[in-house]
Amino acid sequence: MEMNSLNKSVICQKQFIQIFFLIISGILLFPSCKENSNQKHYKIGFSQCTGGDEWRRSMLLEMQRELFFHPDLELVYKDAVNSTQTQIKQINDLMKEDIDLLIISPNESAPLAPVVQEIFRKGIPVIVLDRKINTDAYSTFIGANNIEIGKAVGNFVAKKLKGKGKVVEVLGLESSSPAQERHKAFSDVLKNYPEINVIKELQGQWEKDTARKVAAQNIGALQEADLVFAHNDVMVKGIYEVCHKNSQNKNILFVGIDGLAGPHNGLQMLEDKMLTATFLYPTGGEEAIKVASQILAGKAAQREYKLNSIQIDSSNVKGIKAQSDKLLNQQEDIQKLNTEIDTLENTFSSERNKLYFTIACLFLTLSISAWAFYLVKEKQAANHQLALQNEQITLQKDAIENISEKAKQATEDKLRFYSYISHEFKTPLSLIISPTDELLTLKAISQKDLKSNLQLVQKNAYRLLRLVDQLLDLRKTDAGKLLLQAAEQDLVMFVREIVKDFQNKAIKNAIDLQFFSQENDLKVWFDAEKLDKVIFNLLSNAFKYTPKGGFIHVQLKVKQNNVFIEVKDNGEGMSEKEKNQAFDLFYSGSKHYSLGTGLGLALSKEFVNLHQGDIEVSSQKGEGTTFTILLPLGDQHLTENEKIDQAPVISPSVHQFTEEDKPDSTLNGSQESEYGTILVIEDNTDLQLFLVEKLRKEFNIIASKSAEEGWDKIIENIPDLIISDVMLPGIGGFEITNRIKTDFRTSHIPVILLTAKGHIDDQIEGIKAGADVYLTKPFNTTYLIETIKTLFNNRTRVQRRFSSEFLFKNENKSEKKFLNELTAIIEKHIADSTFSVERLSQEMGMSRVQLYRKVQALLQMNVNDYITEVRLNKAKALLRDTDKSMADIAFEAGFNSPAYFTTLFKQKNNQTPSEYRKNKGGTIFKN
Ligand code: FRU
């Protein structure tokens, strides 16, 4: 299946984002990668026992200065603040940080040994700095020789005290190696001087505050002492402060160790005479970094680096201090330079980053543009795809709508077809039920009536049978089950025989029926049974629509490879619409032409098509109709199973003729009816004849088989009542009713619609069209006759109302309009005594008969009487409203002489004109 283009686009976008961020991170990481690729980077862990004093700070500064020359080294610094436990923990932390080398200045020698052993055994080089540790598990020791320093101090003290005196020794932390070594070496030297007594050993633990504290506790010993030897300069400061505070023994000599440069440190104390002497104790910070770098570079290192010490006293302090200060200054300068370089490096790094960022942004912009371009293209493609899909969907939708429309049409056609079929069944059923009803109700019946009624029943039962047969045949063609059974036989003889069967009918109806053929005989492959039905149907049709004296000519011709059978008549012909739909089974018009003879034409077409032939119609309204059958010659067009050897014999008895007797369209009742004249419009000859037969006993009857013909008869005769079928060829029953009810000449005539359309909607439509009664087939004749009589009686009642002046105000619109128009014309010519019915009918646009019948129907008086009534009304008005003389009034109202006027007035109004004038038009109307 083709991947949805939108999904494709989303996947592409994801890929694009991934690639894009890969490139961006590559660009941003590029500088660090470059640095790393040139030089390996090492992490040095530095565990300091305490960073709180100047000596340790000095050690760290030295390290940092040296590190400047080793950019590959990184120092991770931890300060244990004099706590051995903290230091152990911090070393473990450093181990976890994956350091490459450990520098340790242990707080105490013994307790730190295990952790150092552990780290060393893991393969991490260890540099022990300044203080020693109770293990061999380290790489290198860097520091001054505390034994040498202890000895040097002992010798200095002996010399200074000249072999005699009292000494107080202030020791560093007992468990640290420098304190142990310094103490031992110092004690060993003094053993050589028995008169020098160490009167007190104080535990200063390397710290000024502790020293001050123990000094305060041993002030007595200090008062006695000639010299105080403290293991570092810082502790001297503490002791010194205590001694001077107590203002005792101000000549006491102080000796210390470290000899640090800088304010408040050893060298300054020496200059300030606080110290008699100090011994340089180098921190080894610089050396530690150098050796570490060496080890990490894989170069061999010594097991021990000894740092030199010197004695500093008043004799050399100046020089050393000057040198130290200079060194300090230089170191500060270096520091500043370092800082500047760092700043520059930072600036460079930041500028470089900016550059990278700018490049990245540029790349980003370009990429986004490319991406946007790609997306636009993708979207255009997707839109195009969508448009195509849309188009396809629309086409599919149209196709579905088309199919659904066709299905709907087919359903409607079928429903319509069923409705027609029902109609076709109802008429013969009426003609079976009505005579049967009559036979059953009549007490005595003549042999003649019995026979004619039974003949009607039989005829219509056969008609029903034929209809059913045709329906079944049609069903077979529809289902494709109707098989052609063609045999080769003489078509000329076959057609001639069928035509011969119609000969009697032709004579009876005075129709010139003839058969012509170019050929004497012609072998044609055809299905005799089916072709017989087709030709029989065409001839029946021709007879149905051809009047007496007309002709029906059947001709057989051969042209190229086809034979043509033509059935031509000069009957009433078809309209263009009827012609176009002649073979259409589901024709939607008012009346199906082919249904005139059942389903004949539609079925005929199916039969001819089975022969691979064709049937056509040409027709002109009023001139006649020609049906032409085309059959192909030979048997090339037939399949093997459409052919049979022996043709069935068609007996003439299969031709059930329905006697389509032409109704007498000018039929009149045998006796003058008390009710009046009825026009029957019914296209079914049998039904028309039946109705005429039943009604003519009591009414005058005129009959017509189409609405068009019926209308002419209505206008000509102005009948008193009209009975019309609804489904008629051409103009239908609703339409003719509407026409009758809207034409002022005919609007008063009651209409009965007689139809097979029994649905309530059809009835409503009929009533809307103006029908007075709607009767559905099959109907009861007695009921019809009673309905007609009721309508006539109602009409008489209405006439009575019309004949009074009252009607002019209240009656129905078209009648009122008619009477107003009639009265207005009479009034226009009222002074003209010669104004006649002839002129009045001319001005009304009606014939004299029409006017006479209409006025009679509406006012129950003749037209002359009505003219006189209008004249008299005019005279009344003049009598009432003017003083004119009788003679003037008589002439103005159109009376030839005043005497005639007076006589007539008296006759109509029971008073003379003079009496009327006297009474001022008093009540003269009596209803
Ligand atoms: C500093 C210090 C120095 C001394 C050294 C001994 O913490 O006390 O004064 O010389 O340690 O390890």
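Using the three backbone atoms N, Cα and C, a Cβ is placed for every residue, glycine included.
Given the structure is predicted, the values throughout are model-derived calculations rather than measurements.
Listed in TrEMBL for this protein:
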type     : residues : note
TRANSMEM : 15-33    : transmembrane segment
COILED   : 320-354  : coiled coil
TRANSMEM : 355-376  : transmembrane segment
DOMAIN   : 420-635  : domain 'Histidine kinase'
DOMAIN   : 677-792  : domain 'Response regulatory'
MOD_RES  : ASP725   : 4-aspartylphosphate
DOMAIN   : 820-919  : domain 'HTH araC/xylS-type'
Sequence-remote partners of the coiled coil (320-354) [C-beta within less than 8 Å, at least six residues beyond its ends]: 31, 61, 65, 68, 259, 261-262, 267-268, 270-271, 280, 310, 312
For the residue listed as '4-aspartylphosphate', list the number of other Cβ atoms lying within 10 Å of its Cβ atom. 29
Does DSSP put ASP725 (4-aspartylphosphate) in a helix, in a strand, or in coil? strand
DSSP puts the residues of the domain 'Response regulatory' (677-792) at 53 helix, 24 strand, 39 coil
Summarise the domain 'HTH araC/xylS-type' (820-919) as counts of helix, strand and coil residues per DSSP. 73 helix, 0 strand, 27 coil
